[in-house]
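Below you'll find the structure, written out as structure tokens, and then a few comments.
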């Protein structure tokens, strides 16, 4: 019977935006601008690194990989979300829902793994500068990036296959703006729902907490090494190479902890939806801004690469 019920569910209905119908046009315009800025900002970072030879280093290779993961993550969720804001028909096919979950989880976890790799890169650069070229060889960097992407794809496959092997009984309304795990679990039925929920939660928490602890460990060694530098100028210079990455980590895990660790309440549907949207849209939106403004080397390269071409007469005067 469970498999029969499962086979009858051919589509779901996303009702996350129905809690504030009067704001949908304003939200559409706001999210569209943020989405376009996210794409443009990350493409600008990638183009700058590609065109500026001085940025052909492991740190900026990882930054480009991070930009790719952010572009793909937003593309997996936001275009569909924008279409739903303008439509009264918010149904999504079963396979489309599974695909959205797979790609969003894959690129989301890839993003977390790459942030961990970037923390390790900064640890090697500051704590073992003489061995940096050996430890961060081109082959080693490619391996770290490849493992991050492979790990993200494996996580996406594990979570998606676990959720969509469940039986769904009758109800089709997903109280979210995307195909997300908690609202889909509420639609599932059968004796294995609780086991799957605990298993998926354990896998996701273990992966994210492991990444966070590795980043904390890297920065513990980094801070200890920076404090041993005798001059204030040297300490500031060393810390400046980590500032943008550390800020993105705080934003990424800060928003995630507020959303996923806060107590759930049946009366907080609007708040949960808004916080979920904030994490999905605002975090990728802020990331290129942080890296562009807080990374002096990247900021100078952007001005040299693009500003000088747009305003050559000002470049001559400089």
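Residue numbers in this text run from 1 along the chain shown.
Every residue gets a Cβ built from N, Cα and C, even glycine.
What you are looking at is a predicted structure, and each value in this text was computed from that prediction instead of being measured.
Judged by Swiss-Prot topology annotation, residue 92 lies across the membrane from residue 295.
Looking at the stretches 26-46, 173-193, the one that Swiss-Prot records under the feature transmembrane segment is 26-46. The list of residues near the transmembrane segment (55-75) in space but at least 6 beyond its ends in sequence, with Cβ under 8 angstroms from a Cβ of it, reads 35, 38-39, 42-43, 45-46, 48-49, 103-104, 107-108, 110-111, 114-115, 117-118, 121-122, 125, 136, 141, 144-145, 148-149, 152, 241, 280-281, 284, 287-288, 291, 297-298, 301. Confidence over the topological domain 'Extracellular' (260-272), given as mean pLDDT on the 0 to 100 scale, stands at 61.
The disulfide-bonded residues in question are 97, 189, and the one with the fewest Cβ neighbours inside 10 Å is 189.
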